[in-house]
Amino acid sequence: MHTRLLHNDPQGLATAAAMLRAGGLVAFGTETVYGLGADAGNDTAVAAIYTAKGRPGINPLISHFASADAAFEQVEATPLARRLADRFWPGPLTMVLPRGTHCGISTIATAGLPTAAVRVPAGQTTQALLAACGFPVVAPSANPSGRVSPSDAQHVLAGLDGRIDAVLDCGPCRVGVESTIIDLSRDVPVLLRPGGITLEALEAACGMKLALPAGSNDARPTAPGQLSSHYAPGLPVRLDARSVTPDEALLAFGPPLPGSALVWNLSATGDLHEAAARLFAGLRFLDMEGHRRGLVGIAVQPVPGHGLGRAIRDRLIRAACPRP
Ligand code: TXA
Ligand code: MG
């Protein structure tokens, strides 16, 4: 299959929407990462996403909508869900809610669960694409399953060229880590995945502390459907490095440690927003260039665990997990 690179102009948008409507797979940029889109109501198209990514069928997908009203036609919204939608949509928050009686989302996309994950992404192009489609679009991150997520169009092509119909070039992603996922289908809200909306902001909006999934802690995060090894570069990743050797690449945060000739600084000033936006590009760069230079691994300087740092640490911990 030839993968087309579509430009961010009216013609590119119209082509992307037409391809999705016809059951094609089109990657597009959101404010978080690039997603691999398909018509959420089309079983064949949804199944093709799992094949293209090599994704286990038990791992459900997020449906993307142009508006909260459109999302809440598919799921049963609670008062808290409506409040969070008012506060954070469009934006990097995903809510897991019971499927509605007239839910048109493919049961393949929800992996047979009684719930569905929904979100309204931000970004002019993303919004325009979803509006042009007029149907929900499922979109997992546009990378082969288990690999580092893509934050620009070239990252998507590096992993999926020849396996999908097109990539709509929306430029680099502003946030850089995936959406925060909150499960609102149980008695108490549960944080399933830290992401672009901080836990602090979410708890403030909810007016309560959020439950974290049972068994989760900073060393061993868990989220349903997420394998612990994820975001995995080829080179081994060593966390919380206090020193670095010349045969290692360095993912720095703040003033870089001395000792490595190959450095990607997430943020020289220690800014967590900048660090999130530069995370996946940095992992990709150090992996590729480190491999070319025959280095043995990637050392990562400590990143604080508050605010966006929680999502950054979560991704780094998974990147460092032993591969299955
Ligand atoms: O920022 C994002 O969320 C990006 C962009 C493209 O929107 N998407 C994304 O999708 O990160 P993906 O497939 O890489 O991650 C989706 C996560 C998975 O961990 C999946 O298990 C969880 O959402 N999920 C989806 N539906 C669920 C459900 N009904 N219950 C629990 N978890 C669910
Ligand atoms: Mg993903």
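Including glycine, each Cβ sits where the backbone N, Cα and C put it.
Small disclaimer: the values here were computed from a predicted structure and weren't measured.
Taken straight from TrEMBL:
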BINDING   Thr32, His64, Arg119, Ala139, Ser179  L-threonine binding site
BINDING   Arg55, Asn59, Thr115, Ser141, Ser149, Arg193, Tyr231  ATP binding site
DOMAIN    10-197  domain 'YrdC-like'
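Among the binding-site residues listed (Arg55, Asn59, Tyr231), Asn59 have a CB atom closer than 6 Å to some atom of ligand 1, in sequence order. Model confidence over the domain 'YrdC-like' (10-197) stands at 97, taken as the mean pLDDT rounded to a whole number. Annotation: no binding-site residues among Asn59, Ser149, Tyr231 have CA atoms within 10 angstroms of the CA of Ala139 (L-threonine binding site).
If you measure from the Cα atom of Arg193 (ATP binding site) to that of Arg119 (L-threonine binding site), you get 14 Å. Annotation for Arg55 (ATP binding site): same-chain Cβ neighbours under 8 Å, separated by at least 6 residues, are Ile49, Pro140, Ser145. Arg119 (L-threonine binding site) and Ser141 (ATP binding site) are 14 Å apart (CA-CA, integer value).
Of the chain residues outside the L-threonine site list Thr32, His64, Arg119, Ala139, Ser179, Thr30, Gly35, Ile62, Pro92, Thr94, Pro121, Glu178 have their Cβ within 8 Å of the site's Cβ mean position. When the record's L-threonine-binding residues Thr32, His64, Arg119, Ala139, Ser179 are compared pairwise by CA position, the greatest distance found is 13 Å.
Checked against ligand 2, the binding-site residues Arg55, Thr115, Arg119, Ala139, Ser141, Tyr231 give Ser141 as the ones with a Cβ under 6 Å from it, listed in sequence order.
Each residue contributes its Cα atom, and for Asn59 (ATP binding site) and Arg119 (L-threonine binding site) these two points are 17 Å apart. Between the CA atoms of Thr32 (L-threonine binding site) and Ser149 (ATP binding site) there is a gap of 10 Å, rounded to the nearest whole number.
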